[in-house]
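Annotated features in Swiss-Prot:
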{"type": "BINDING", "residues": "Arg55, Thr56, Arg105, His135, Gln138, Gly268, Pro269", "note": "carbamoyl phosphate binding site"}
{"type": "BINDING", "residues": "Lys83, Arg173, Arg227", "note": "L-aspartate binding site"}
Amino acid sequence: MKRHLLSAGDLSRDDAELVLRTAAELRELADRPIKKLPALRGRTVVNLFFEDSTRTRISFEAAAKRLSADVINFAAKGSSLSKGESLKDTALTLEAMGADAVVVRHGASGAPHRLAHSGWVRSSVVNAGDGTHEHPTQALLDAFTMWRHLGQGKEQSLDGRRIAIVGDVLHSRVARSNALLLKTLGAEVTLVAPPTLLPVGIDTWPVETSYDLDAVLPKADAVMMLRVQRERMSGGFFPTAREYSRRYGLDGRRMATLQDHTIVMHPGPMVRGMEITADVADSDRSVIVEQVTNGVAVRMAVLYLLLGGSEPAVSTSSTNEAEE
């Protein structure tokens with residue numbers, strides 16, 4: 001893998017499949033009494049979050065700790081950032097602390113790229129979400145979840161699998177990263193949204209688009225629902241929440257039209273009753289909770305591979321060492 005993970009588009013198929021295979025090894029730790037490995041002992045991982053986050057920050061923290069890394073959580077609120085300190089000065093502070101990896105979430109698209117290529121830090125940089133641009137580790141954990149449920153053949157290939165991503169594509173960094181990564185892995189992606197929630201330039205994405213959810217659902221192998229990000233909206237993108245749910249929400253009636261093997265996904269946080277009803281979110285088809293579990297394994301794999309992992313991630317000797 002490259003030194004940084006900034007975009008899902010930076011990953012070759014070999015890179016992506018290496019992450020998925022490594023995550024599969026590390027996923028087994030979730031079922032063990034002792035969940036730690038010594039792989040990153042002595043390394044320091046900094047979680048630098050300029051935006052609020054629950055799942056992603058906790059997931060990266062758990063991932064680093066399970067690899068025995070030292071973890072520093074650095075939130076904008078309550079730090080010098082809230083007093084006007086620049087990204088550069090914050091980066092220089094992290095460099096002085098000896099950070100080996102910086103996991104950054106920022107409201108400005110391109111901030112992780114700036115941090116990685118500015119020369120301010122020598123550490124690996126992982127994009128944990130930048131504005132409406134990208135969220136590559138979310139795409140990796142989504143692909144890993146699909147890989148476990150829908151993978152075909154010895155290599156568990158996603159070639160030809162049809163994935164529907166439904167909702168607020170315009171403001172979704174998850175949709176963009178998934179579109180790029182799933183194309184790399186051979187899947188066919190259809191974005192379903194009202195015209196007002198599709199970005200300018202969508203015709204350049206490696207996807208198909210549709211305004212008709214009912215026409216897309218029966219053909220899909222996986223359906224990913226997206227939250228309407230009202231905090232990023234300044235105008236009216238649809239008439240009412242009720243009208244949006246009627247046309248683009250996944251409810252029990254629509255779930256009944258899915259193929260028997262089709263899974264239902266959501267990157268979170270969910271708004272139950274808006275884009276997805278409670279009965280669908282809690283159904284046997286839903287893998288939403290599993291996505292969270294898989295997220296830790298995938299982020300462990302990313303940190304392990306970026307920080308120099310070349311041997312198998314899990315071995316008997318390393319497990320025994322962690323238990324001592």
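Just so you know, glycine gets a Cβ as well, placed from its N, Cα and C.
Neighbour density at the Cβ, taken as the number of other Cβ atoms within 10 Å, is lowest among the binding-site residues Arg105, Arg173, Arg227 for Arg227. Of all Cα pairs drawn from Arg55, Thr56, Arg105, His135, Gln138, Gly268, Pro269, which the record names as binding carbamoyl phosphate, the longest spans 16 Å.
For the binding-site residues given as Thr56, Gln138, the lowest number of other CB atoms within 10 Å of the residue's CB is seen at Thr56. The residues near the carbamoyl phosphate site, meaning same-chain residues not in Arg55, Thr56, Arg105, His135, Gln138, Gly268, Pro269 whose C-beta sits within 8 angstroms of the mean position of the site's C-beta atoms, are Ser53, Thr54, Ser59, Ala128, Gly129, Val174, Pro267, in sequence order. Between Gln138 (carbamoyl phosphate binding site) and Arg173 (L-aspartate binding site), the C-alpha separation comes to 9 Å.
The DSSP secondary structure for Arg173 (L-aspartate binding site) is helix.
Within 10 Å of the C-beta of Gly268 (carbamoyl phosphate binding site) we count 16 further C-beta atoms, all protein chains included. Separating the Cα atoms of Arg105 (carbamoyl phosphate binding site) and Arg227 (L-aspartate binding site) is a whole-number distance of 19 Å.
Following the DSSP three-state reduction, the secondary structure of Gln138 (carbamoyl phosphate binding site) is helix. Minimal Cβ crowding within 10 Å, among the binding-site residues Arg55, His135, is found at Arg55. Around the Cβ of Pro269 (carbamoyl phosphate binding site), 8 further Cβ atoms fall within 10 Å across all displayed protein chains.
For Arg173 (L-aspartate binding site) paired with Arg55 (carbamoyl phosphate binding site), the C-alpha to C-alpha distance reads 15 Å.
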